[in-house]
Amino acid sequence: MPSSSSAAVLVFLLLVSLLTPTFASDSDHKYQAEEQVTLWVNKVGPYNNPQETYNYYSLPFCRPSGNNVHKWGGLGEVLGGNELIDSEIAIKFMKNVERSVICPLELDEAKVKHFKDAIESSYWFEFFMDDLPLWGFVGELHPDKNSENGKHVLYTHKNIVVKYNKDQIIHVNLTQDNPRPLEAGKKMDLTYSVQWIPTNVTFARRFDVYLDYPFFEHQIHWFSIFNSFMMVIFLTGLVSMILMRTLRNDYAKYAREDDDLESLERDVSEESGWKLVHGDVFRPASSLVLLSAVVGTGAQLALLVLLVILMAIVGTLYVGRGAIVTTFIVCYALTSFVSGYVSGGMYSRSGGKHWIKCMVLTASLFPFLCFGIGFLLNTIAIFYGSLAAIPFGTMVVVFVIWGFISFPLALLGTVVGRNWSGAPNNPCRVKTIPRPIPEKKWYLTPSVVSLMGGLLPFGSIFIEMYFVFTSFWNYKVYYVYGFMLLVFVILVIVTVCVTIVGTYFLLNAENYHWQWTSFFSAASTAVYVYLYSIYYYYVKTKMSGFFQTSFYFGYTMMFCLGLGILCGAVGYLGSNLFVRRIYRNIKCD
């Protein structure tokens, strides 16, 4: 007992340590007059390559004296490629600062080359003051008739305007001037100034200035929601027609008691379609362990996405650096019980015997896929010396969360699912000899049904994908989680409806291999999203270089894997309910 109690305490402390930096930061700090306000320098990098970021002092700016003070902002902040360092610039609350020298900068050939390379790559930097971001460019290229490439100039003065309401900082803005040409052997002073301006804006509304209302609340966004909603109405109507009309007629003919031999023979000769495969439709799927694992994982991801969206709506997670990532990781660990429960129940109902394999695969499939992609990307980031490289300590924390929270919960869920919901309950008995599957037209084959099944679900989220991609890859803050919730619900409904229709046509073609077909029919949505990401990369961005290209397609691959597993599980579970419903009332031998 003591050991289990100690483990519970350790887990609790771990979760507290992860969540506290995100939700209890300096953002609610109240300052006294002339109290020191810290300006944190964060990162620099090419503007067109959002993930290619480096330590601010990787450029030859003059560094603070002594040991650099770092700010730990939580797991999500580190995974987001942030490293906040105290600039040690003297800024005091409500005290204006005229032009003052930060430090003298002596230029040599190496420093000039470094700055010129950064300017040619449109390097930008990011600072933070009281958890509010400031951005600026390192320098710029001025046209020069004596030079083909133009004249490289470095901004040497930073003017910081701070708006405050009583004892709280509301808004910060950075402007730069005094551009100086970069020439080896010269010396220039890096200077700054601070201006404090009172404002009536409340602390609760201070982040509004960073939200792009015209972009996210454009009429095309509303139109896409309406269009997807109409698609839901159409598809639910189609499924209802199948259930209420076609199947009702089939039931009436199949269940009719008729003593007339001639009529009975005629009915038998006319009988075809889904009714003929009732003795095979509940035959266990091939690779049952894998199917159970992906369906369980997909059910967990569906619940996870719903929880994170709701928490983002209630808690405005977009305000905190890395808050979404931290919330996602912690919620993933805590919802791992769901994946085990769904997987274990499904595997038991299908008569599975390899329980250890099922438990381990369910608990580790998606995390290890992400770890594999992340390891490759991390290797690239380490080679480039980028802040995107995950520190070893952070890797240990993530592994501890998985090993001591997620993995045990998934195992527990599998055991509970096996014992509580694992009793076989098939409406029809499975025949000993499998029925041969007749040849059908090409468009009724499982591969075609699977590939076509993702088109309509992709169409329902197509516009939202543009807003999500633009937020992640083009420096916009995504805050319309109400839209995302609507789109997610629409995606689930459309996926279920499309998969049910595909399953019905497949069974009517006397093909009883519906389990994997229903999964891939829904999962193929992710294929279309990945194809769209390729279009987005070449048409909507100006990314370049091996580093950014690797991260773009690597992150997109992770996202599409999760989306595919989620949609596949939703499609399978919907089809499973449909199949059990239509075979429940027919007379099985």
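Cβ coordinates come from backbone N, Cα and C, glycine included.
Residues annotated as signal peptide in Swiss-Prot, with sequence analysis given as evidence: 1-24.
Positions annotated as topological domain 'Lumenal' by Swiss-Prot: 25-222 (among others).
What Swiss-Prot lists as transmembrane segment is 223-243 (among others).
Per Swiss-Prot, topological domain 'Cytoplasmic' is recorded for 244-293 (among others), and the stated evidence type is a curator's inference.
Beyond the ends of the transmembrane segment (294-314), by six or more residues, the same chain brings 324, 327-328, 331-332, 335-336, 338-344, 346, 362, 365-366, 413-414, 481-482, 484-485, 488, 492, 519, 562, 565-570, 572-573 to within a C-beta distance below 8 angstroms of the stretch. The transmembrane segment feature in Swiss-Prot is assigned to 294-314 (among others); the stated evidence is sequence analysis.
Annotation source Swiss-Prot lists topological domain 'Lumenal' at 315-321 (among others). Secondary structure of the topological domain 'Lumenal' (315-321), assigned with DSSP and counted as helix (H, G, I), strand (E, B) and coil, comes to 4 helix, 0 strand, 3 coil.
Same-chain residues lying 6 or more positions outside the transmembrane segment (322-342) and placing a CB less than 8 Å from one of its CB atoms are 15, 18-19, 22-23, 73-80, 82, 295-297, 299-300, 303-304, 307-308, 311-312, 359, 362-363, 398, 401-402, 405-407, 409-417, 421, 569. Per Swiss-Prot, the feature transmembrane segment maps to 322-342 (among others); the stated evidence is sequence analysis.
The topological domain 'Cytoplasmic' feature in Swiss-Prot is assigned to 343-364 (among others). Same-chain neighbours of the topological domain 'Cytoplasmic' (343-364): 284-285, 288-293, 295-297, 336, 406-407, 410-411, 413-418, 420-426, counting only residues six or more beyond its ends whose CB sits under 8 Å from a CB of the stretch.
The transmembrane segment feature in Swiss-Prot is assigned to 365-385 (among others).
If you look up Swiss-Prot, you'll see 386-395 (among others) marked as topological domain 'Lumenal', on the strength of a curator's inference. DSSP states for the topological domain 'Lumenal' (386-395), grouped as helix (H, G, I), strand (E, B) and coil, give 4 helix, 0 strand, 6 coil.
Positions annotated as transmembrane segment by Swiss-Prot, on the basis of sequence analysis: 396-416 (among others).
Restricting the average to the topological domain 'Cytoplasmic' (417-448) gives a pLDDT of 85. For 417-448 (among others), the entry in Swiss-Prot reads topological domain 'Cytoplasmic'.
Per Swiss-Prot, the feature transmembrane segment maps to 449-469 (among others); the stated evidence is sequence analysis.
With helix defined as DSSP H, G or I and strand as E or B, the topological domain 'Lumenal' (470-481) counts 5 helix, 0 strand, 7 coil. Swiss-Prot lists 470-481 (among others) with the feature topological domain 'Lumenal', giving a curator's inference as the kind of evidence.
Distant neighbours of the transmembrane segment (482-502): 216, 221, 225, 228-229, 231-232, 235-236, 238-239, 242, 302, 305-306, 309-310, 313, 449-450, 452-453, 456-457, 460-461, 464, 467-468, 517-518, 521-522, 525, 567, 570-572, 574-575, 578; these residues of the same chain sit at least 6 beyond its ends, with a Cβ under 8 Å from one of its Cβ atoms. Sequence annotations record features per position, and here Swiss-Prot assigns transmembrane segment to 482-502 (among others).
Taken from Swiss-Prot, the feature topological domain 'Cytoplasmic' covers 503-518 (among others), and the record attributes it to a curator's inference. Beyond the ends of the topological domain 'Cytoplasmic' (503-518), by six or more residues, the same chain brings 242, 272-274, 276-277, 280-281, 283, 285-287, 291, 435, 437-438, 440, 444, 446, 449-450, 571-572, 574-576, 578-579 to within a C-beta distance below 8 angstroms of the stretch.
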_Highest-contact recorded stretch vs the transmembrane segment (551-571), from 223-243, 365-385, 449-469, 519-539, CB pairs under 8 Å_ = 519-539
*What else in the chain is close to the transmembrane segment (519-539), if you only count residues 6 or more beyond its ends and a Cβ gap under 8 Å?*
291, 294-295, 446, 449-455, 457-458, 461-462, 465-466, 469, 473, 491, 495, 498-499, 502-503, 549, 552-553, 556-557, 559-561, 563-565, 567-572
*Write out how many residues of the motif 'Endoplasmic reticulum export signal' (578-583) are helix, how many strand and how many coil, based on DSSP.*
6 helix, 0 strand, 0 coil
*asked:* Can you tell me which parts of the same chain pack against the topological domain 'Lumenal' (386-395), counting only residues 6+ beyond its ends and a CB-CB cutoff under 8 A?
replied: 43, 45, 51-55, 75, 78-79, 81-83, 374, 377-378, 547, 551
*Apart from its near flanks, which chain residues at least 6 from the ends of the topological domain 'Cytoplasmic' (417-448) lie with a Cβ under 8 angstroms of it?*
276-283, 340-351, 355, 505-506, 509-513, 516-517, 520, 580, 583-584, 586, 588-589
